[in-house]
Amino acid sequence: MQDINSGSSSMKDTYSSWIEISKRSLSNNLDNFRSILRPNSTLTAILKSNAYGHGIEPMTRLCIEAGISRIGVNSIEEALLIRNIDSKIPILIMGEIQNPEKRKNVLSDPNFWIVFSRPETARILSSFLPAPKLHLKIDTGMGRLGSHGETLKQTLSELKNVGITLGGICTHFASTEDVLEHKYSLMQTQKFEEAIFLAKSFGYNHLIRHACASASTMLFPNAHFDMVRIGISLYGLWPSIQTRLSLNLTGNKNFQLNPILSWKSRIVHIQYHPADSYIGYGSTFQTSYPTKVAIVPVGYYEGLDRKLSSNGDMLVLGKKARIIGRICMNMTMLDVTHIPGAEVGSIVTIIGQDGEESITADDLADRTHTINYEVMTRISESIPRIVVD
């Protein structure tokens, strides 16, 4: 993936499409989260999955420049990309590490904070010199990684018996984003507090405690503990409409998020077709009037969902242009009959704002029956990311 700073943005004229990342909007989002954080809690920027499609390398640089002191990722590979940019920033690795003994050379980093579920993993990692910091994962109701009940007690006992040092303890909320009534999340918070107390009974005091992601950070200030993990909303996207409504119900109606990503391309060809012409693979679309068709060099390889075929729009010169026919691997056709000025070279906005019109990740998610997370993370890493403003 190409990471291009604002000084090189004129190069975008040669790309089939490009991503623009707004430094100003990122700063606004960070300021808004910092304004609601409990005093002793630290914001960790989650940059996993190519920074939710925004580009892990440019986002790392922007976050560090904005004062972020901790970064979270899913994998060793992502952590190493960040380590190449900053040699000392603490990096939380949240995904399960397989065969850690085979990665000793890269995992021997005291500023890697590694989340683990199994005591075997902790034994291996703690033998490294220098050893990474270990964060024990608690399953409070997600039913995924971590342990609970008797298994948790056995894990803590085993860790204590072999003298393993812990640096942190963490959990993850299962359904905060999906509901307006948060009984389950409150139950998870209680279970996490019980797990913290249990860890103390084994002598594990002064651990870095963290539970909240974006939605829970907004809604549960009592669960901020020592650290929060901000992912989707770092990029200016709401985790769900339920999250936004829940926040309004708490009386906080002023919290704002600003999407930081725009995805753009250009028209590369114009065709004029008479009525009753077929457009695209499978001849699934037939014109009903003389139609001006614009070709955009973006398709499902680049991350545009094929379910948007004849079911979505792009923006051209501040107006919506309907996608017609099937989205191809690397091309999409638009009806620009109503946009006289549309021509080869005209900028096309796939996600973002043009004049008074906008197309958001949520718009695309609604059309394709998915979530904004998937819309963003499926944008191809091959598309250059350019930092603007």
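Sequential numbering from 1, following the chain as shown.
The backbone N, Cα and C atoms fix where each Cβ goes, and this holds for glycine too.
Per Swiss-Prot, active site, proton acceptor is recorded for Lys48, Tyr281. Per Swiss-Prot, the feature substrate binding site maps to Arg144, Met329. Sequence annotations record features per position, and here Swiss-Prot assigns N6-(pyridoxal phosphate)lysine to Lys48 based on sequence analysis.
Among the recorded positions Lys48, Arg144, Met329, the residue whose Cα lies closest in space to that of Tyr281 (active site, proton acceptor) is Met329.
For Lys48 (active site, proton acceptor), the same-chain residues lying six or more positions away in sequence with a CB closer than 8 A to its CB are Gly72, Val73, Asn74, Ser75, Glu78, Met94, Gly95, Gly231. The number of other CB atoms found within 10 A of the CB of Arg144 (substrate binding site), across every protein chain shown, is 11.
Sequence-distant neighbours of Met329 (substrate binding site) (same chain, six or more apart, CB under 8 Å from its CB) are Gly299, Tyr300, Tyr301, listed in sequence order. In the structure as shown, the Cβ atom of Tyr281 (active site, proton acceptor) sits within 10 Å of 13 other Cβ atoms.
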